[in-house]
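Engineer: Take a look at this one; I'll ask things after.
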Amino acid sequence: MFNIYLLYVVLAAFLDIIANLALNKSDGFRNFKWGAISVLLVWLAFYLLALSLEGMKLAIAYTLWGSIGILGTTLGGWYFFKQRLKPIGWVGIFIIIIAVITLKTA
């Protein structure tokens with residue numbers, strides 16, 4: 001069954017990921033264009049997150065949004081900016097995945 005509210009959360013998370021990558025590219029807003037893109041995308045992400053709350057509990061929506069954002073930003077930083085995590089960082093990623101699965105089944 002299709003769930004529009006889940007789609008809102010996923011879209012919000014992807015906008016958040018792109019916003020985070022744009023913020024990194026802005027180099028502390030030295031490149032204003034990328035900084036402005038980041039701010040706009042964060043605003044749109046929060047708008048979609050707010051829409052998702054019409055049909056989803058806050059705890060679930062926020063956890064999904066945040067964890068997708070963390071995972072996606074980590075992978076995006078690795079792919080686009082050659083940023084690497086130490087092994088303990090990957091342990092943290094694994095814990096996030098387990099936490100989301102646990103919360104979703106609760």
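Yeah, the Cβs are placed from backbone N, Cα and C, and that goes for glycine too.
Owing to the predicted nature of the structure, the values given are computational and were not obtained by experimental measurement.
Per TrEMBL, transmembrane segment is recorded for 6-23, 35-53, 59-81, 88-105.
For each listed feature, how buried is it and what is near it?
Structural biologist: Through the fold, the transmembrane segment (59-81) approaches residues 5-6, 9-10, 12-14, 16-17, 20-21, 24, 45, 49, 52-53, 89, 93, 96-97, 99-100, 103-104 of its own chain, all at least 6 residues removed from its boundaries and within a Cβ separation under 8 Å.
Counting residues 6+ beyond its ends, the transmembrane segment (88-105) has Cβ neighbours under 8 Å at 59-60, 63-64, 67, 70-71, 74 in the same chain.
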Engineer: State the residues, same chain only, that lie 6 or more residues beyond the ends of the transmembrane segment (6-23) and have a CB under 8 A from a CB inside it; answer 'none' if no residue qualifies.
Structural biologist: 34-35, 37-39, 41-42, 44-49, 51-52, 56, 61, 64-65, 68-69, 72-73, 76-77, 80-81
